[in-house]
Structures are given as C-alpha cells and as structure tokens.
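Trainee: I am attaching a structure below and will ask some questions about it afterwards.
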Amino acid sequence: MGLFKMAALVALSSISSSVFAAVFTFTAIPDENESQLRTRFEKVAFYLEKELGVEVKYVPVKSYSAAVTAFRNNQVQLAWFGGLSGVQARRLVPGSEAIAQGNEDQFFQSYFIAHHSAQIIPSDNFPNLNGVTFTFGSKGSTSGRLMPEFFIERNLGKKAKDVFKRIGFSGDHSRTIAQVESGAYQVGALNYKVWETAVENGTVDVNKVKVIWQSPTYPDYQWTVREGVDNTFGDGFKERLTQALLDMDDPELLASFPRKSFVPADNLDYEPIENVAKAIGLID
Amino acid sequence: MPKSISFVGHWQKVTLILWAIALVCFLFSDTEIISLDPWSELQRMIQGLMTPDFFATEYLLEALWQTISFALLGVLGGLIWGAPLALLYSNRFIAAGCAVIRSIHEIFWALIFLQIFGLSPLTGILAIALPYGATFARVFFDILLQSPQSTVETLPARTDRVSRYFYGKISHVMVPILAYIRYRFECALRSSAVLGFIGMPTLGFYLETAFRQGHYHEGAALLILFIALIGSITFWCRPRLIIIYLVLALFTLPSMHSIDASLVWRFLSQDILPPALQGVTDLSQLDLSRINELINWGKSVFFEQAIPGMLVTLLLALSALAMSHLVSVTLSAFAFKRLTGKFFSVVIRLLLLILRSIPEYIFAFIFMLLLGPSMLPAMLALALHNGALIAFLTIKQSDNVVNSSVYNGRIDGYCYDVLPKIYPNLMGLLFYRFEVILRETAIFGMLGVATLGFYIDSGFSEIRYSTALLLMACTALLNILVDMISRQLLRQNTQTALACR
C-alpha cells in the first residue's frame, strides 16, 4: 500500500518526533465559539510555557471523541474535557486525574428550550414532552445530550426514543438554538451558558424561543491530565501544572474557555456523571 | 416487454423502471416538511454570503495548501497501490476486496486511522489513498478492456512482455487514464476538504465549524475559496508543476508523531473486539455467559442499528438516484450551447461548477433549515451534487455531438438529435455514480439522518469501536450486493442495446 510513500512518511515522522520529544501538548474545545481556536489557545500554551518552563503546544481537535482519542494515544497529556468525555478518557487511561474545573462547572445546567408554537409553559416542574419533536446537541455532549437524556428518562419514566415523535442531534449548542428557532424541532436541550450568551448578543429571538425548564446542577468541564507526566517533565510537574491552571487570571485567557476562573477538582467530583452515563447506557 | 408496446425502447424502459423504484422508495421515506419560520436564520446566511469575510479564518493559507497537499499525496498513494492492481482486477477476490475498500466512506477510514495514527497527516492521506486506490484499480481495469487488440496482434513475435504491454495496451488508453486521474484529483480535493470535518487541518476544518456555529460570513468566504480552488485546477495544476507540488507537499506536512506499534496492536487486539470478548486472553475464558453476551450484543447491533440503517440508506440512495437523473438530464440540456445560447449555457456551466464543488454536507445543512430534519434535505443535496457532476461530464460529450441537418435549435431538436447520442453515456455515469451516492449517504448520518453512517458515527462518538466496525462491515456487504446487481443489469444492458432506439 504505497510502500514508497509510507517509507518516506515514516522517515519524516521519525525525524520530527525525535525533535519534539519532550513537548507538553494539550487540547481544548470551548463550549462556545470555536472560531480562531489556535490563535486563542496558543496564548494559553504560551502562558503555561512561561509558568512550567517546558515547551507547550496546543493541538486543535474537532470533537470530544477526537479529544479522547488523542488523550488515550498520549498525543496530548492534558485536555479540557466536557463532563462525559472526561469520564470516558479517565476510564481509558487509568491513573489520569481531573485536576481543575471552571468555576461555573461546579454547578452546571442544561436548559430545555421550546418554539412558541409548541405552547409549553415555562415551569419549575419537568414539562410533559410526550409526542413533541426534540433535538439534542452533539452526541458526546454532557449538557446537550447526556444530562438532558437522563432528566427526560427519570422524569417521564421511559426511554427518550419512546417519548418523542422525532429525535435529532443538532451537533452543536448554537445549532440547537437555530433549529428550535426555525421550528425544525419543537423542543431542544442545551448548555445554559450558550443560551445566555445568545440572548445577550441578540442572536436568538426570545419571542419565538423560550426556556421552558432549567435542570438541576451537575459538574461539567474539567482539566484532565495523564498519569506519568511527572516522569516525563520532572518531579512535581502535575502539582505545578495544577497551580498554573488555578492561577490563570488573565481575562483574555479565561475568555477562551470561557470561564471566570478555575477551581480545584478531582475524579470523585465526576462520579455522578459516570453513574448517569451508565444509567442511560452511554458507557458500559 | 410485450410486443404491443414495443415502441417503448430500451432506455425508456430503464428510465421508467428507475423512476418507478424511486417513487416507491420516496413514498416509504420520511419526507415530511417541517419548518415554521426558517427565515431569520436564512437571512443571516444570505447576509453572510453577501459579505464574506476572508480574514475571519486563522491560518487560511496553510489550510488551503494542506487541502491541496493531502489530495495530491492521497491520489499518488492511490495510484501506487491501485494502478498495478488493475492488472489483476479480473480476479474475483481482488475485485471483491476493492469493492469492500471502496464502500467505506473516506471519513470512516479516517476515523479508523485516527485510532491508530492519531491526528497525523498519515491518517488523512491514507484515508484518501486507500479508497481511491481501489477505485483506480476498477476504473483502469475497465479502461484497459477497451484498448484495441489489433496492436498487440501485429507486434513482432519475439517482443518482450513489457514492451508488448506498454506499446500494445497502455499507449492506447493513456489519454482516458490521464483524464481520469485529473478528474479524481478534483474529487480528492473535495475529500481532503471533507476530512477537515473530523479534524484534519484542511479547509473543511474551518468550514464545518463556521457553518455549525452560524459564522456565515466566514463560512461563505471559505466556500467561495473552495469553489475557486476547484474551478481553477486547470490553471494551477500543470503537469510540469506536479512534481514540485509533490515535493513541497511532502516537506510541508504537519509534524507527525512516529507510528506507535503498540497503538496498532491495541486497536487490533482490543478496540475492535465486542465488549463481551474484551479482556479475554485465552479460549478457556470463553464460557457460556460470555458467548451469550456476545450473541445478544450482535443481535442488538444488527436488529436495532444495522437493519434500520440499511433500509434508510437504500431508500435515501435510490430516491436520490432518480432525482440526480432529473437534475442531470435537465441541466445538461440547459448547458447545451446550441440549444440555449452562449450566455445562458455559460451561466449554467458556472452553476454546475458551484453545485458540484460544494460538499453535499453544506447543501443538506441549508435544506435542513428550510425543510426540517427529514430525509428530504439529504435527497436534494445528493441529487444536486451528483446531478451536476453527471451533467458536467455529459456536456463534455454533447459539445462534440455533430448535429444532423434537421437540427432546429429547439428543445424537440435537442431531444431528437442530441439526447439519444448522449443518453446511454449519461445513464452509464448515473449507475456508476450510484455506488458513490450509497457511500455518500454516510455523511448525512453525521447530520442526523438515520442512515448506516449515523449509527457508525454514534459508535465512534460513544467510543464503541466494535459496534462501528460491525456496522461498517454491513455497509460493505450492502455495497457489494448492490455492485453485483448493478453489474448484472449493466451486462444485460450492454449486450442487448447500448445504442438508443
């Protein structure tokens, strides 16, 4: 299969990999606005480089599952994961640890939104969603898929696929807003922060779409680091890394995630997420 | 066909059967139009298209170049392994193997390689090289069959095999082969861009983000650039420059991690095993409960995902095939200069370029906003893209058709004089394209249409590789089945009547 080219590529790749051997690499997908990823996160890389004294590189990825794969294959040693992807990653790489989460991630929420024609009245009680059309966000999202699916099943007492007339996966929180606003789906569930930003920026017509239910809080995004970074980058590296993340106070850097600040976290914080994922059958 | 209606010719019959099948499929498909007010989002989209922002994308030139370089290296890789295989393609097993490889969409190849090579350029290049090689093998084989026997027969008796081969066979078909490689390069550019959707550093990386997140100014700019890139291939892709491009492409590849043999091993020994077999180290651990679990797993994947997925895939592909037929027949007529005049035909040709360049994904995306999340947007997207492509290839032929003396420059003249000459070729292309349509249904799975691709995508995003791989095997089986049936049909066709009656 293209032996010649394979040989050339292997040769090239072995050269490049020996040059970049001890680069600390991380990845991150923000929950809002994925434009200019590299430009924004290379600043974070620069900050970490300054704090840690090792070369730090940012790798852009497209999806949570790609981030998990990169983490599992040791192509990144640190990742900014969603709740679910963090759990998946830590299950695949034993010894890896959640070390910090966003301030907001301690009490994260999903919002259920509905098109006005669905005539669902906002309430503190879980709405009766039987027979409506519904869209989740991306398949691997915590606030757009996992938690909403869990709340639906717990409150309505049956599997999501038996509740709705039609289920979709919009692929993205802002898509969920757009699809509910256009009436393509009557109801959708999404990350509360994305909704609030959209309302603030006026990119959603609140006469057409309303929040009909706010979920209870749960833990979400977090920084997870692989085991063995101390061996590669020196004793106490993990500790210094954690400190550097917690100390990050430059508003420009924090805006990339976007979070107010980072606070300590550990694996136990995410046990509820893991249990929920098991309950709805997303992990075995 | 009874004698009484023998005025219905061969191609009329084929066309009517195609429409009948598609109509049945269409009736059984989910084509509900659900859309209350798409206008505000559509307005944003049009605004974006009117004022494209070419500076919104970071590292834009790099992405453009990587799109070209992945395509070049992918086509080269495909040629290196696919071209020699064309000589052995008459072997049934090799043909079947190639059909399996072709049947899996580039995106899914890339998702597999992603597990093994990570986010390395190798992932993207192999994801193009592998299916393209299998396609080259088939098409070169078909082209070689058409080379005349007479030259070989007139060569002196003691001519060596190599000369015999090159002088007697290859030299006859060099022109169509080169033309085909050029055409595949255009396809590879599209594939390369689409691989950006899952993380390769090509235009698609930014294009998908921009559309998904509603940054239409940026999305429009990227789309315009991409169409321009494909439209201008003949200007920048000169044969002499290709070597230079290739060398540049090799040297400017993004940095790669070395290939980690343990990852390859882990993928083969663990990841692809069904959950019940994971952690099994020797056969004695295979007790009844595990086997039971395995069977249940297989059953649930097969009946809950594979069967419904296959059904939707077939319904979608067959409906889209008939719609592509309509689009290609109509557009190739509109683009015929001697029918619609110079100006109009140029406009239509520009439209064809745009329609065939834009990835189906983007079309489906827009239609989904307009028409709601049924299968209809996917059908329209497939029909427009493939119909335009077939029309583009057809007008190359119709331009060379010599009119008879009765040609009157009107639609009846076109139907009497030109259409019969191009129709067999058009239908040939259409049926050829069915394989592609079937494969492309995968991409709509990522947009939520419940084709096999949808379930495969779910398997990857839930990190259940064994499920994804089993479903891919089902995809391959489906494609081989379709391939076998279409070969059978085409063989009958070519034997009975290729010419129009």
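Glycine is treated like the rest: Cβ placed from N, Cα and C.
The transmembrane segment feature in TrEMBL is assigned to B:63-87, B:107-132, B:165-181, B:188-207, B:219-237, B:244-268, B:306-334, B:346-370, B:376-395, B:436-456, B:462-482. Summarising the annotation, TrEMBL assigns domain 'ABC transmembrane type-1' to B:64-235, B:310-486.
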Trainee: Flag the pair the transmembrane segment (B:63-87) / the transmembrane segment (B:376-395) as in contact if three or more Cβ pairs fall under 8 Å (sequence separation 6 or more).
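Mentor: Result for the transmembrane segment (B:63-87) with the transmembrane segment (B:376-395) is no.
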Trainee: Which sequence-distant residues neighbour the transmembrane segment (B:306-334)? Criterion: at least 6 residues beyond either end, Cβ under 8 Å.
Mentor: 15, 18-19, 21-23, 25-26, 28-29, 340, 344-345, 348, 351-352, 375, 378-380, 382-384, 386-388, 390-391, 394-395, 398, 411, 414, 419, 422, 426, 429-430, 433-434, 437-438, 441, 444, 449-455, 470-471, 474-475, 478
Trainee: Let me check one thing: do the transmembrane segment (B:244-268) and the transmembrane segment (B:376-395) come into contact, meaning three or more Cβ pairs under 8 Å with sequence separation of at least 6?
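Mentor: They are not in contact.
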Trainee: Other than its close neighbours in sequence, what residues sit by the transmembrane segment (B:346-370), given a CB gap under 8 Å and a spacing of at least six beyond its ends?
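Mentor: Contacts of the transmembrane segment (B:346-370) (Cβ under 8 Å, skipping residues fewer than 6 from its ends): 35, 38, 41-42, 45, 190, 193-194, 197, 204, 207-208, 211, 223, 226-227, 230-231, 331, 334-335, 340, 376-378, 380-382, 384-385, 387-389, 391-392, 395, 440, 443-444, 446-447, 449.
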Trainee: Name the range, of those listed as B:107-132, B:219-237, B:376-395, B:436-456, B:462-482, that has the largest tally of Cβ pairs under 8 Å with the transmembrane segment (B:188-207).
Mentor: B:107-132
